[in-house]
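Asker: Okay, these came from TrEMBL:
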type     : residues : note
DOMAIN   : 53-295   : domain 'G-protein coupled receptors family 1 profile'
TRANSMEM : 42-62    : transmembrane segment
TRANSMEM : 74-97    : transmembrane segment
TRANSMEM : 117-138  : transmembrane segment
TRANSMEM : 159-179  : transmembrane segment
TRANSMEM : 185-212  : transmembrane segment
TRANSMEM : 233-256  : transmembrane segment
TRANSMEM : 276-297  : transmembrane segment
Amino acid sequence: MSTLAPLRLLREPSNASEGNQSNATLGASGGWCQGLDIPNELFLALGLVSLVENLLVVAAILKNRNLHSPTYYFICCLAVSDMLVSISNLAEMLFMLLLEHGVLVMRPSIVRHMDSVIDMLICSSVLSSLSFLGVIAVDRYITIFYALRYHSIMTLQRAVVTMASVWLASTVSSTVLITYYRSNTILLCLIVFFLFMLVLMLVLYIHMFALARHHLHSISSQQKPPAAHRGGSLKGAVTLTILLGVFFICWGPFFFNLILIVTCPTNPFCTCFFSYFNLFLILIICNSVIDPLIYAFRSQELRRTLREVVTCS
């Protein structure tokens, strides 16, 4: 198996006929258009690291009652989503390897059915992961700008409803996506969803960044600015910049791939871009590895609980 492409909608651009795709590939086959051969071991390694990291986050949040709050429940759901991203990709890769080496023998109809089930799981985990990134951004925004009213705005009941709605919507959407994967309308919905989440996070984080900058400017205008406050403001601003940068780098190429499938499936440049899909998939898995470091491990309480979980104390 030279490549791993988990979603049929990304393997088979619906606007392109088989002959047109092959002609485009031939026309764009020079130099960097050969694609990128990523070893299966890298998929396995990143998937396992992501699985362990996010499993530790979930275990720590469940263990410590001090972490039983809407904010950490959202982080826990993000960890579960990222875990499913890793598990589903690992499952598909192992499934394909077993078929390729003859260890697993199944009828073609069953193979297609299994492929659809795994694709639905992958798609659902990707959509839920993306959704909870947006939910966490909104939660942080409320924490900063409505601190005194946070507990009345983000009640436990509303948090549970939000989490259940995200999981339900992700499951239904992934089922529709895999069923009608040849429809450009479905791809356009995915693209619009990604752009909505990107704009939402961008607006919220820029507003929070501006607040941190304003606080830093206010502190700097004093005669004796407290170093600790200055460091805290700078740390908050840097964190928000990292969040946006990681989000765009890890998710951007994947959804740009969808845009090209809709707009120019037979164009030589687009065909070249499609050949790097494995790299885009690696970036998404890397996001599952990085998310716990950004959203979870920065909490002192959570780090302490993680040490207890690891040492079984």
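Glycine is no exception: its Cβ is also placed from the backbone N, Cα and C atoms.
The model shown is predicted, which means the values in this text are computed figures rather than measured ones.
Looking at the shown structure, can you explain where the listed features end up?
Answerer: The average per-residue pLDDT of the prediction over the domain 'G-protein coupled receptors family 1 profile' (53-295) is 82, rounded to a whole number.
A Cβ distance under 8 Å defines the sequence-distant neighbours of the transmembrane segment (42-62), meaning residues of its chain 6+ beyond its ends; these are 4, 68, 72-73, 75-76, 79-80, 82-83, 85-87, 89-90, 93, 281-282, 285-286, 288-289, 291-293, 296-297, 302, 305-306, 308-310.
Residues of the same chain lying 6 or more positions beyond the ends of the transmembrane segment (159-179) and with a Cβ under 8 Å from any Cβ of it are 8-9, 70, 73-74, 77, 116, 119-121, 123-125, 127-128, 131-132, 135, 186, 190.
Long-range Cβ contacts of the transmembrane segment (276-297) within its own chain (Cβ-Cβ under 8 Å, at least 6 residues beyond either end) map to 3-6, 10, 35-38, 42-43, 46-47, 49-50, 53-54, 56-57, 60, 75, 78-79, 82-83, 85-86, 89, 126, 129, 133, 136, 239, 242-243, 246-247, 249-251, 253-254, 257, 303, 306.
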Asker: Sort out the residues at least 6 away from either end of the transmembrane segment (117-138), same chain, that have Cβ-Cβ distances under 8 Å to it, and list them.
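Answerer: Apart from its flanks, the transmembrane segment (117-138) reaches 6-8, 71, 74-75, 77-78, 81-82, 84-85, 87-89, 91-92, 95, 162, 166-167, 169-171, 173-175, 177-178, 193-194, 197, 200-201, 204-205, 243, 247, 251, 284, 287-288, 291, 295.
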